[in-house]
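This report refers to the structure that appears directly beneath it.
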Amino acid sequence: MAKVQVNNVVVLDNPSPFYNPFQFEITFECIEDLSEDLEWKIIYVGSAESEEYDQVLDSVLVGPVPAGRHMFVFQADAPNPGLIPDADAVGVTVVLITCTYRGQEFIRVGYYVNNEYTETELRENPPVKPDFSKLQRNILASNPRVTRFHINWEDNTEKLEDAESSNPNLQSLLSTDALPSASKGWSTSENSLNVMLESHMDCM
């Protein structure tokens, strides 16, 4: 049984300009004291074409963590535009929150992110070279995708077989029925969105 359950994630300052920091309010619960730190990361997917464009925006160690419910705000700087392919700067991508214990990832929360120009002229006639200062970031906060992995929480047991499952306790938070629609300015097709998110949610 997992010793840590993520109860809720709230996306703060959303939507916001591209260069604003990412901010997530994370609430989690430990069923018993943890002797080692939890490592949290925020990862920005720079391109659906290759993971080489993924950027770890920040990582933080939390712990040792006593049993009980805990909440903290995880903030990370915006991604480095120089590491994002021009073709992927505008449109839909993904941001991930991961947590590991003893070097083993046990939960991954993924959100769709839409980067678009707020000015009509720029939307209709986008510059060849993206102008990140004019982009607005909008995280689809209502529809995260959560994947959990079985890990070895103890020192004296063999490593468990890796597996993943949706967290039933977060069903209201994790509904994947609704995806971004073109009517809301999310122009990427549902199929390509699913492929992009699945590829990052299923890897360890």
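Here the Cβ of each residue, glycine as well, is placed from N, Cα and C on the backbone.
From a predicted model like this one, the values you see are computed outputs, not experimental measurements.
Within the set Ser35, Ser47, Ser181, Ser192, Swiss-Prot records phosphoserine at Ser192. Among the ranges 31-37, 80-86, 129-135, the stretch that Swiss-Prot annotates as motif 'Required for interaction with HIRA' is 31-37.
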